[in-house]
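This report concerns only the one structure given below.
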Amino acid sequence: MIAIVLFGKPGAGKGTQAEFLKEKYNLTHISTGDVFRYNLKNGTELGKQAKVFMDRAELVPDSITIDMLADEVEKNMDKAGFLFDGFPRTIQQAEALEALLKEKNIRFVGTVGLEANDDVLVQRILERGKTSGRADDQDEKIIRSRYEEYNEKTAPLIDYYTGKNCYNSVDGIGTVEEITTRLSGVIDRLI
Ligand code: AMP
């Protein structure tokens with residue numbers, strides 16, 4: 001089995017692209033944001049724990065997120081591998097992922113980062129907020145807070161993965177099809 005990390009700021013297009021890539025490469029798509037939202041909607045204990053942080057546009061603590069991710073991996077060992085979206089978001093999560101993949105004998109093929117400028121992304125998220133029903137997509141102040149969290153805790157992962165020679169950046173501006181083609185080109189080279 002293989003694992004690919006789809007990396008990028010909120011609004012970079014990770015979720016949209018994951019829909020195509022998971023079919024093309026027969027991967028289980030795990031979006032930690034989607035799993036948290038599912039739990040929130042269903043009022044589970046995990047959902048209640050995560051809500052406090054999500055409402056404040058902060059990251060959910062690593063201990064909660066890492067356990068949840070490990071459960072999702074455990075439940076989905078039936079495809080050719082995994083496409084992670086929105087995880088890891090901290091160095092501690094990246095280290096936990098590395099240990100988990102090793103334990104499960106899953107080959108980490110690399111990180112593909114979708115790059116785009118903040119102003120373009122904020123506009124995209126506000127647009128998405130009109131239909132996504134996500135409160136955190138509808139308020140520019142909350143969106144900006146998510147970027148602050150990203151810059152402080154998640155951006156260091158670019159250096160982390162570059163240092164391990166497994167960060168691949170892809171231009172995230174263009175049509176959905178153009179970006180899928182760019183991503184597939186990189187993934188085909190990696191796998
Ligand atoms: P997303 O859908 O990826 O934008 O995530 C929505 C919210 O879920 C984030 O603002 C965080 O509060 C939480 N979240 C999602 N993934 C993670 C993660 N890997 N670590 C911590 N919090 C997360």
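Placement of Cβ uses the backbone N, Cα and C atoms for every residue, glycine included.
TrEMBL names Gly11, Ala12, Gly13, Lys14, Gly15, Thr16, Arg128 for binding ATP. Of Gly47, Gly163, Gly174, the residue it gives for the same site is Gly174. Among Arg124, Arg144, Arg146, only Arg146 appears in TrEMBL as part of the AMP site alongside Thr32, Arg37, Glu58, Leu59, Val60, Gly86, Phe87, Pro88, Arg89, Gln93, Arg134. Neighbour count (other Cβ atoms within 10 Å of the Cβ, all protein chains): 24 for Phe87 (AMP binding site). Note on Glu58 (AMP binding site): other Cβ atoms within 10 Å of its Cβ, all shown chains, come to 14. Only Thr32, Val60, Phe87, Arg89, of the binding-site residues Gly11, Thr32, Val60, Phe87, Arg89, place a Cβ under 6 Å from an atom of ligand 1. Closest in space to Gly15 (ATP binding site), of the binding-site residues given as Glu58, Phe87, Arg134, is Phe87, taking the CA atom of each residue. Taking Thr32 (AMP binding site) as the reference point, none of the binding-site residues Gly11, Ala12, Gly13, Lys14, Thr16 has a C-alpha atom within 10 Å of its C-alpha.
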